[in-house]
Amino acid sequence: MSRHRHIHTCVLRLLLVCVAASSSGSVRVSAPRAVSPLEATSRERGISPLLGWLDRRLARWRRRNRPKRIILVRHGESIGNVNSSAYSSTPDSQISLTERGFEQGTACGREIRRLVGNGSVRFYYSPYLRVRQTLLAILQAFEGQPVEIASEPRLREQDFGNFQDPLSMSRLREDRMKFGRFFFRFPNGEAGTDVFDRVSDFISTLFAHFDSGERRRTADNCVLMTHGLLMRIFSMCYFHWTVSEFEQVWNPSNCEICGETGRYGE
């Protein structure tokens, strides 16, 4: 049962007790009795306006507490982007940015700062080296402005299966196109379905944080520092794309920014 449905049930029980008390002048605890459909319908009609009021209050509270923007950012150009053989000797998680990748990160930081102004910002980032380096480049634009940062392993790249032999990976990518990019599983690695599951779990965690009711207010801007496939999978989960729609979309460019303005989750 969802939290809001649980609240509605508790309110309904409380209102029924109040109705009984107001009609008799006291509250009596007795064995439950059968309620006719007509009587139940009559009670529901009296309570529905109150539940509607509660729904509206909860909706206004969510709008106030959720961020104005969720911004997705892909890492800058990496050594693996320009030389795929790097993956055969260096773990994917340790692939570094190129010099151009650092420059892209710096420019991306200026663009994000222009977009958010002096609003509060919380960065969630993949623990892969190229993403952390991109984040450091972006943060130059926020010098003197407090920001929140949090490592999030669920935003990591799709696992392609440890060290990647270029010839084997070329054949596997051909097979993936035939099999379907979303369902194909790399040997010793992940399928797109696995990434979908962990991204869905992350989104649940993210909105649970937004709606937790903590005293500390959610940041105005939520920035997700991640990878190209993860940006597409996040959009698929969030906007409820079909598999066919997902497979028509390709990775954004390095340090490309995707996002919309508005209170999320309405």
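Using N, Cα and C of the backbone, Cβ positions are placed for all residues, glycine too.
Copied over from TrEMBL, here are the features:
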SIGNAL    1-22  signal peptide
BINDING   Arg74, His75, Gly76, Glu77, Ser78, Ile79, Gly80, Asn81, Arg130  substrate binding site
ACT_SITE  His75  active site, tele-phosphohistidine intermediate
ACT_SITE  Glu157  active site, proton donor/acceptor
Problem set entry | Additional residues around substrate, ordered along the sequence, whose Cβ is within 8 Å of the centroid of Arg74, His75, Gly76, Glu77, Ser78, Ile79, Gly80, Asn81, Arg130 | Ile95, Leu97, Thr98, Gly101, Thr134, Asn254
For this session: Pop the Cα-Cα gap between Glu157 (active site, proton donor/acceptor) and Gly80 (substrate binding site) into the table, whole Å please.
Result: 13
Exercise. Just counting, how many other CB atoms are there within 10 A of the CB of His75 (active site, tele-phosphohistidine intermediate)?
Worked result: 30
Exercise. Taking the residues the record says bind substrate (Arg74, His75, Gly76, Glu77, Ser78, Ile79, Gly80, Asn81, Arg130), how far apart in Å are the two Cα atoms that sit farthest from each other?
Worked result: 15
Seminar exercise, completed: binding-site residues considered: Gly76, Gly80; fewest surrounding Cβ atoms within 10 Å belongs to Gly80
Exercise. For Arg74 (substrate binding site), which residues of its chain lie six or more apart in sequence with Cβ-Cβ distance below 8 Å?
Worked result: Thr226, His227, Gly228, Met231, Asn251, Pro252, Ser253, Asn254, Cys255, Glu256
Exercise. When a 10 Å sphere is centred on the Cβ of Glu157 (active site, proton donor/acceptor), how many other Cβ atoms does it contain?
Worked result: 21
For this session: Please list residues from the chain of Arg130 (substrate binding site) whose Cβ is under 8 angstroms from its Cβ, counting only those at least six apart in sequence.
Result: His75, Gly76, Ser78, Gly80, Ile95, Ser96, Leu97, Gly101
Seminar exercise, completed: Row Ser78 (substrate binding site), column other C-beta within 10 angstroms, all chains, value 24
